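Heads up: the structure comes next, in structure tokens.
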Amino acid sequence: MTMHLDSFMAGLIRRNPGQPEFHQAVCEVAETLIPYINAHPVYERACILERLTEPDRIVIFRVCWEDDAGNVRVNRGYRVQFNNAIGPYKGGLRFDKSVSLSILKFLGFEQIFKNSLTTLPMGGAKGGSDFNPKGKSDREVMRFCQAFMSELYRHIGKDVDVPAGDIGVGTREISYLFGQYKRLRNEFTGVLTGKGLAFGGSPVRTEATGYGCVYFAREMLARQHEGLEGKRCVVSGAGNVAQYAAQKLMQEGAKVLTLSDRSGYIFEPEGLTEEELAFIIDLKTNRRGDLSEVAKEFGTDYFPGEKPWGVPCDMAFPCATQNEIEEEDARRLLANGCRAVVEGANMPTTREALRHFRAARILFAPGKAANAGGVAISGLEMTQNSMRLTWPREEVDRQLQQIMKRIHEQCVAHGQEDSWVDYVKGANIAGFIKVAGAMLAYGIL
Ligand SMILES: NC(=O)C1=CN([C@@H]2O[C@H](COP(=O)(O)OP(=O)(O)OC[C@H]3O[C@@H](n4cnc5c(N)ncnc54)[C@H](O)[C@@H]3O)[C@@H](O)[C@H]2O)C=CC1
Ligand SMILES: O=C(O)CCC(=O)C(=O)O
């Protein structure tokens, strides 16, 4: 029997009402996978795509904690364990007021393909809470993290499910979470990644997602006999991914024209300086302020309430959040000469915007390939924890570059279309083959 996108999506939407982000992520994958599945009926006979779009399980729980004023606060916690066909569940935790089941299911679903692309043995998962760390004291964040882990610890383990950070969850939060797990289980194991270097963290994990994006961009450009030197880059976000994408771009001789946050964007026509970037990293990681402070400190142009996509550039690196590049933004980027979009964030491009980029046949790197460097180094953190040793920074960075090169090769192998590479199709098919092969081998589960 032949699979059809419309009827497949109609069934998925019927079974998962009110989950637009999840529908969007599945549709993007199904669009490119269904022709492949129709050419390989073994997958269709075993209902692999239907099974892949149904999470193994979802845990939803109450998180009750006390704020500094002594008020009782209640949030909702989640862990979506999507698929463990090729390894323990693996994926970040997001703490943000916008967190919903739809968002975590889209992220968990994408994580299956991303983790497969890394070539490391990791299944796909995601979790988090509608807790918003912004404006909370360290002690409040600590109490929230301890309460969150007091339930989550039952469902995770070093060989079961290994969470990490994502939006709103950095080294501070991972440390509180790890401390509480260690206390509850009375064991010191690699149950979380992104840990501090003093207690089992890996060198380069902090930088890995941003650096990996730039390594991927370098591979794409190299196929066209080009380099990053002198490229004008518009970067969105100012958090973990954006900071280290910007740092590596600058090291490679590119100009980082912008960074952004929820308050607006900063614009530096000749490219951010190292001094500005160091200020931003400290501002965002330690002082947790917004980008208007960069304007005050350095006189940098600052556009409150706006996104950076109207700034003329050669390359765009969306590194903030989902659906931040909308149709009109895509039109402006293309009209202004942008020739490559490299997704540091997960699904930052809406379906309409993506259609424009693909029609224009520019270089377009989907997040599940371009931002896989973070989870790849998480995978290597798990390896180091199992071996009870820590590799030197140079060794981890060398492996990161190699992994990004291999991901790029897989995308080209499955996405080459005459003279253009469809990286979306390439990433989806390459990620699928390994997971689907394992699922077939296990029989009907
Ligand atoms: N941290 C990691 O290792 C990985 C993160 N990602 C993805 O990268 C993106 C950024 O994550 P991180 O840098 O880790 O988070 P973060 O919390 O360190 O930074 C997020 C940044 O995005 C901005 N932002 C968030 N929501 C926004 C909105 N609605 N409008 C405008 N700006 C917004 C914030 O102001 C902040 O600058 C997310 O999509 C995440 O899923 C993907 C792979 C790995
Ligand atoms: O490092 C990890 O386990 C997960 C990183 C992540 O959340 C992602 O790749 O989106």
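Backbone N, Cα and C atoms are what each Cβ position is placed from, and that goes for glycine too.
Curation does not apply to TrEMBL; its annotations are automatic.
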Can you find which of Ser292, Ser378, Ser386 TrEMBL lists as binding substrate at the same site as Lys90, Gln111, Lys114, Gly165? Ser378
Should we count any of the recorded positions Asp166, Thr209, Ser378 as near ligand 2, judged by a CB under 6 A from one of its atoms, and which? Asp166, Ser378
Alpha-carbon spacing, Gln111 (substrate binding site) to Lys126 (active site, proton donor), which is rounded to whole Å: 8
Going by C-beta under 8 A and a gap of 6 or more residues, the same-chain neighbours of Ser378 (substrate binding site) are Lys90, Met122, Val162, Ala164, Thr193, Gly194, Ser202, Arg205, Ala208
Quick test of your reading of the structure: among the binding-site residues Gln111, Lys114, Ser378, whose CB sits under 6 A from ligand 1? none
Remaining residues near the recorded substrate site, that is with C-beta within 8 Å of the centroid of the site residues Lys90, Gln111, Lys114, Gly165, Ser378: Gly91, Gly92, Asn115, Met122, Gly124, Ala125, Ala164, Thr193, Gly374, Val375
C-beta crowding around Thr209 (NAD(+) binding site), within 10 angstroms: 32
